[in-house]
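Undergrad: Take a look at the following structure, please.
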Ligand SMILES: O=c1ccn([C@H]2C[C@H](O)[C@@H](CO)O2)c(=O)[nH]1
Ligand SMILES: [Zn+2]
């Protein structure tokens, strides 16, 4: 799948965000190795810390459906630079995605920052560390 269409999927996902507190919708689109796309949006809570970010929503949806091999994750929000994922998401992404997987951060202006999982959280523990 083209990067452009994956960005469009992330924008569609963003429309589903539940953000009564921050009013800051975020969308994510996760591409699996076999070409499926999982949408994710942020889902907030009156107890703020229970909020689930868009990236984690997409990853948890995929993983809970048995999809474990991913090739790219796009995140989009209305920011003045490509939206930076929070620390919790960086940790979860490092746990569930290969260290060389592509992360694409973007915004509604079309600014794009592409990086790898390793660059998103350098040196993080990865399940790849458990295998040869
Ligand atoms: O990469 C990001 C950054 C922020 N948020 C959410 C968390 C919260 O709902 C709102 C404001 O931080 O945006 C995400 O979902 N992903
Ligand atoms: Zn996050």
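In case you wondered, yes, glycine gets a Cβ from its N, Cα and C as well.
Note that TrEMBL annotation is computational and uncurated.
Note that the structure is a prediction, hence the values are computed from the model and not measured.
So TrEMBL says this about it:
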ACT_SITE  55  active site, proton donor
BINDING   42, 43, 44, 45, 46, 47, 48  substrate binding site
BINDING   53, 86, 89  Zn(2+) binding site
DOMAIN    1-128  domain 'CMP/dCMP-type deaminase'
Undergrad: Cβ under 6 Å from ligand 1: which of the binding-site residues 43, 47, 48, 53 qualify?
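TA: Those binding-site residues that pass the cut-off, since their Cβ is under 6 Å from ligand 1, are 53.
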Undergrad: What are the sequence-distant neighbours of the residue listed as 'active site, proton donor', meaning same chain, six or more residues apart, C-beta distance under 8 angstroms?
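TA: In sequence order, the residues whose Cβ lies under 8 Å from that of the residue listed as 'active site, proton donor' (at least 6 apart) are 26, 28, 40, 73, 75, 85, 89, 92, 93.
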Undergrad: May I ask for the distance between residue 47 (substrate binding site) and residue 86 (Zn(2+) binding site), taken between their Cα atoms and rounded to an integer number of Å?
TA: 18
Undergrad: At 10 angstroms around each C-beta, which of the binding-site residues 46, 86 has the fewest other C-beta atoms nearby?
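TA: Taking 46, 86 as the binding-site residues, the minimal 10 Å Cβ count falls on 46.
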Undergrad: Which binding-site residues, if any, among 43, 44, 45, 47, 48 have a Cβ under 6 Å from ligand 2, given in order along the chain?
TA: none
Undergrad: Please give me the CB contact count at 10 A for residue 53 (Zn(2+) binding site), counting all chains in the structure.
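TA: For residue 53 (Zn(2+) binding site), the count of other Cβ atoms within 10 Å is 21.
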Undergrad: Does anything in the same chain, at least 6 positions from residue 48 (substrate binding site), have a Cβ under 8 Å from its Cβ, and if so what?
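TA: Result: 21.
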Undergrad: Setting 53, 86, 89 aside, what same-chain residues sit with their Cβ within 8 Å of the center of the Cβ atoms that define the Zn(2+) site, listed in sequence order?
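TA: Going along the sequence, the neighbours come out as 54, 55, 56, 85, 87, 88, 90, 92.
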Undergrad: Counting by DSSP secondary structure, give me helix, strand and coil numbers for the domain 'CMP/dCMP-type deaminase' (1-128).
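TA: Reading the DSSP string over the domain 'CMP/dCMP-type deaminase' (1-128) gives 42 helix, 34 strand, 52 coil.
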Undergrad: Looking at the binding-site residues 42, 44, 46, which has the shortest Cα distance to residue 86 (Zn(2+) binding site)?
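TA: Considering only the listed binding-site residues, the nearest one is 42.
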Undergrad: Taking the Cβ of residue 42 (substrate binding site) as the reference point, list residues of the same chain whose Cβ is under 8 angstroms away and which are at least six residues distant in sequence.
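TA: Correct list: 17, 18, 19, 22, 24, 25, 26, 51, 52, 53, 54, 57.
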Undergrad: Count the other Cβ atoms sitting within 10 Å of the Cβ of residue 43 (substrate binding site), across every protein chain shown.
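TA: Within a 10 Å radius of the Cβ of residue 43 (substrate binding site) lie 16 other Cβ atoms.
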